[in-house]
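Student: This structure is in structure tokens; I'll ask about it shortly.
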Amino acid sequence: MDQDYERRLLRQIIIQNENTVPCVSEMRRTLTPANSPVSSPSKHGDRFIPSRAGANWSVNFHRINENEKSPSQNRKAKDATSDNGKDGLAYSALLKNELLGAGIEKVQDPQTEDRRLQPSTPEHKGLFTYSLSSKRSSPDDGNDVSPYSLSPVSNKSQKLLRSPRKPTRKISKIPFKVLDAPELQDDFYLNLVDWSSLNVLSVGLGTCVYLWSACTSQVTRLCDLSVEGDSVTSVGWSERGNLVAVGTHKGFVQIWDAAAGKKLSMLEGHTARVGALAWNADQLSSGSRDRMILQRDIRTPPLQSERRLQGHRQEVCGLKWSTDHQLLASGGNDNKLLVWNHSSLSPVQQYTEHLAAVKAIAWSPHQHGLLASGGGTADRCIRFWNTLTGQPLQCIDTGSQVCNLAWSKHANELVSTHGYSQNQILVWKYPSLTQVAKLTGHSYRVLYLAMSPDGEAIVTGAGDETLRFWNVFSKTRSTKESVSVLNLFTRIR
């Protein structure tokens, strides 16, 4: 073996052992003669440290957070949603641009950055680069500062500072209004609250139906079924907001003119209480404890336009028409979620994944064919379905009974109300299923939910005999950058 190569090899072994095992290195020093060539210092190392000046730093920073975060990191990510946290993220991105040349132009949301940031297309370079690129960078590439620029930071940092800042989402955890609702029943299978398109709230209390105007705060009693020996089990407004349907304990469905306070008709056909109602233009669908779903056109005699849908083996407690009025979703106490169309008397789709009664049903107004459903105490899950293909999509365990679901009209979010054992109201972001807000205040199961016609407020009802109004959703505002006289980059100062 070549002596020079042997000396270099032995020198590397000794250096490695000195860094790992100090006692062994001391022993080697005592055993090595002073005139040995091993002890002579090296003037030129044979290890090369690669230069990473051309690395994709946005991907490298993303790789740091790929592992599971610790509780302290999760707490920091939660704090990052505040104003101070967002300022810290912007400052951190600015430092990465100026010190490391990261080229970040937009501050990412800490809750969605790890989900959506994907590595960009890699550049065609060698695995290791041992010298800087000889190509001269121009001021237009964004990383260098032009000699004629008045800003002390690079072009990429200027774009970062000019990027529009998304306003902080703040949802009040205190209801803006609370109304007393005496005799509001604590029954999971009933639907006693609905909000009309004319901004009038209908509530079934015992044997009566009351109307509350959100514009004038005036309360009127629409009907009293005590004379008939009956009670209210469901209410539902028509799409135009002029008619309200009232389901009764004896199985009748009454149609009332809300403005005139006059009963227009009484529909028969059910043999048990009617707990679910759903309008589709002039057609009214009703679900009952007799396991039957009846569809009737209120403009014609009942027997001429009646359709009987049989598919559930227990009480029907949830009914919702799709936003395009083509499909009807029904949930029952048999843990089934069925989907019907206009042309068939049998369900076109059947989902049996829930482990408890399915009362909470909601069709997405943002994605065609997307259906959400929630299960009772033994299930506690919110499930999402693609009714176009019949495939299940996502599922999340909420930890408590799911009583109601409603999609936001303005954003891809939905709200859920819960019973045993949390009695809470949750706001979710879809499809990430991250929790946006948690509202508490009811002491009983939050069994009833309705949304205002403008889509910004919701009302919840519970067995604690209260109705609580919450500002949950907000209309989308313009993200156009505001031109201010104080803007550093649009005015000469």
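Every residue gets a Cβ built from N, Cα and C, even glycine.
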Student: Swiss-Prot annotation phosphoserine: which of S151, S364, S452 has it?
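Tutor: Record lookup, Swiss-Prot, feature phosphoserine, residue S151.
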Student: Annotation phosphoserine in Swiss-Prot: match it to one of S36, S346, please.
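Tutor: Per Swiss-Prot, the residue annotated as phosphoserine is S36.
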Student: Swiss-Prot annotates one residue of S70, S138 as phosphoserine; which residue is it?
Tutor: S138
Student: Out of S146, S163, report back the residue that Swiss-Prot marks as phosphoserine.
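Tutor: Candidates were S146, S163; Swiss-Prot attaches phosphoserine to S146.
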Student: Can you check which of 31-51, 304-324 Swiss-Prot lists as region 'Disordered'?
Tutor: 31-51
Student: State the non-local partners of the repeat 'WD 5' (353-395) in its own chain: residues 6+ outside its ends, Cβ under 8 Å from one of its Cβ atoms.
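Tutor: Residues 188-189, 317-324, 327, 329-337, 339, 401-407, 409, 412, 414, 416-417, 419-420, 428, 430-431, 433.
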Student: Roughly how many Å separate the Cα of S151 (phosphoserine) from that of K159 (N6-acetyllysine), to the nearest whole number?
Tutor: 12
Student: What mean pLDDT does the predicted model reach across the repeat 'WD 5' (353-395)?
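Tutor: Mean pLDDT across the repeat 'WD 5' (353-395) comes out at 96.
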Student: Looking only at Cβ atoms, how many others are within 10 Å of the one on S151 (phosphoserine)?
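Tutor: There are 13 of them.
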